[in-house]
Amino acid sequence: MAKEKFERTKPHVNIGTIGHVDHGKTTTTAAITKVLADAYPEENTAFAFDMIDKAPEEKERGITINISHVEYSTPKRHYAHVDAPGHADYIKNMITGAAQMDGAILVVAATDGPMPQTREHVLLARQVGVPYILVALNKCDMVDDEEIIELVEMEIRELLAEQDYDEEAPIVHISALKALEGDEKWVQSVIDLMQACDDSIPDPERELDKPFLMPIEDIFTITGRGTVVTGRVERGSLNVNEDIEIIGIKDKSMSTTVTGIEMFRKMMDYTEAGDNCGLLLRGTKREEVERGQVCIKPGAYTPHTKFEGSVYVLKKEEGGRHTPFMDNYRPQFYFRTTDVTGVIKLPEGTEMVMPGDNVEMSVELIQPVAMDEGLRFAIREGSRTVGAGRVTKILD
């Protein structure tokens, strides 16, 4: 069967759910797709809760690990939705997922209010550059007391203001579960939530005029057709049958031709900044490419190992280190979709860096990463995020 073509008729926005484990992020995602599928059946399909929550690992522990993409449309826009991981161990994935959001829905259970991971996700959203947040106050059907809801709202607004988000951001009272069950009042609450997304997240400005760049998130083989790399196009555009170069991580770059482009299982003639898509590569073996490399217009960007960065070191309460670190500290640096070990050099006269500090540092990575000034990264050790920063100067 020939694949249908993806139609670009509306502005395309990448959105996601973030927030504390068990506050209902995945249920909210499922409710949005169901309510929109019922309201606008010609342009939406409902995604069941267990289709979204589909990583095998998380079934055992009831936590979302992988990042699931679903799509839906309002009358005004087409949305690609990332269900971001909710568990502390998997903040690594939060970093790879959230870097792709034009806005985020922060899901907070009215029964609990903001929890430690709520705070951590908002901090991370700020550090990885999610520009707008609005709030789905979930499980409102379980709280009768208006005063409790008002207190929770105040706490949420304080939390948003702490990270320089709009403290006047919309807070929409929902019950994702009741909406899934078809309760009219709560179905309307999800429609209101999407109206708030349409109104409060501006149409993103895509970096269309720059040369093509797409970080590789995943790689798989289609029997008889070849290797497909998937990711979100960060810059520029690409047509079918154009050549690309794949750079970073490995010692030498590789050139190939893109023989097909797919988005949401539909074939496309071209792809542009903001799209989540798959590129079919001519004559490329799966083992020749890896996550963390980037596909680029040949010669447009170069990989580097040495840079200067401006870094915020997380406090203990934010999930960071309990103790300071010294010169020559060797953590992992997460760029876009991958982590690379690097050695930190502190500025002259700085003996150590305390949790909570802002610091300028130079870094030498053990593998090259395609980067330029302004690129954001997170610093991790083991499962813990210990800092977040951006590249201020390329050294080599």
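Placed from the backbone N, Cα and C atoms, the Cβ positions cover glycine too.
What you see is a predicted model, and the numbers here were worked out from it, not measured in a lab.
According to Swiss-Prot, the protein carries these features:
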type	residues	note
DOMAIN	10-205	domain 'tr-type G'
REGION	19-26	region 'G1'
BINDING	19-26, 83-87, 138-141	GTP binding site
BINDING	Thr26	Mg(2+) binding site
REGION	62-66	region 'G2'
REGION	83-86	region 'G3'
REGION	138-141	region 'G4'
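The distance from the Cα of Gly19 (GTP binding site) to the Cα of Thr26 (Mg(2+) binding site) comes to 10 Å. In this structure the C-alpha atoms belonging to Cys140 (GTP binding site) and Thr26 (Mg(2+) binding site) are separated by 16 Å. The DSSP secondary structure for Gly19 (GTP binding site) is coil. DSSP states for the region 'G4' (138-141), grouped as helix (H, G, I), strand (E, B) and coil, give 2 helix, 1 strand, 1 coil. A 10 Å cutoff on Cβ-Cβ distances gives Lys25 (GTP binding site) a total of 28 other Cβ atoms nearby, all chains included. Look at the Cβ of each of the binding-site residues Gly19, Asp22, Cys140 and count the other Cβ atoms within 10 Å; the largest number goes with Gly19. Mean pLDDT for the region 'G3' (83-86) in this predicted model: 58.
Counting every protein chain shown, the Cβ of the residue listed as 'Mg(2+) binding site' has 23 other Cβ atoms within 10 Å.
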